[in-house]
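I am attaching a structure below and will ask some questions about it afterwards.
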Ligand code: RP5
């Protein structure tokens with residue numbers, strides 16, 4: 001299947017966080033590709049990846065990075081595709097550095113910034129699927145089914161003392 005989402009990250013060490021985006025994309029039936037692209041260690045690859053993304057058929061890019069997290073912003077500077085940024089929780093500053101690096105973009109170059117860590121990665125996958133769902137009915141139905149199931153699971157088990 002032609003990948004519609006590019007799931008990239010600054011380091012292999014980001015995978016334990018970013019795999020939650022992959023899990024959500026798989027659950028919702030969205031084809032994706034994934035690889036390490038580092039803003040600082042492989043800057044030429046970053047430019048090539050971002051510049052060719054649209055022509056290669058990608059519709060959304062999810063970019064995760066930690067610390068001096070320049071990957072999402074630099075990717076956004078080189079493509080008109082929507083870029084979703086996931087701040088990976090850093091050891092030194094617990095991801096606050098990642099969050100601010102990704103969120104504080106100058107006006108005119110947009111990155112949709114998610115929450116720090118697992119929740120952010122999960123929601124990046126969900127939001128990417130919602131974007132794909134605007135033109136792919138199967139994905140939109142999968143998103144709706146996921147949401148309905150999630151709501152029902154809470155309603156079916158409202159006692160906070162029970163698992
Ligand atoms: C960032 O530096 C990466 O996104 C990662 O979160 C962080 C640390 O990378 P490693 O030193 O673990 O490769 O570029």
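Glycine residues also receive a Cβ, built from the backbone N, Cα and C atoms like all the rest.
Checked TrEMBL, it gives:
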DOMAIN    3-154  domain 'PurE'
BINDING   11, 14, 41  substrate binding site
Let me know how many other Cβ atoms fall within 10 Å of the Cβ of residue 41 (substrate binding site).
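Excluding its own Cβ, residue 41 (substrate binding site) sees 11 Cβ atoms within 10 Å.
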Could you state, as a whole number of Å, the largest distance between Cα atoms of any two of 11, 14, 41, the listed substrate binders?
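Site span for substrate, by Cα atoms: 14 Å.
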Give the sequence-ordered list of residues that share a chain with residue 14 (substrate binding site), lie 6 or more positions from it, and have CB atoms under 8 Å from its CB.
36, 64, 65, 66, 88
Using the centroid of the Cβ atoms of 11, 14, 41 as reference, list every other same-chain residue with Cβ within 8 Å of it (recorded substrate site), in sequence order.
9, 10, 12, 13, 36, 38, 65
Does residue 11 (substrate binding site) have same-chain partners at least 6 apart in sequence with Cβ under 8 Å from its own Cβ, and which are they?
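Residue 11 (substrate binding site) has long-range Cβ partners 36, 38, 65, 66.
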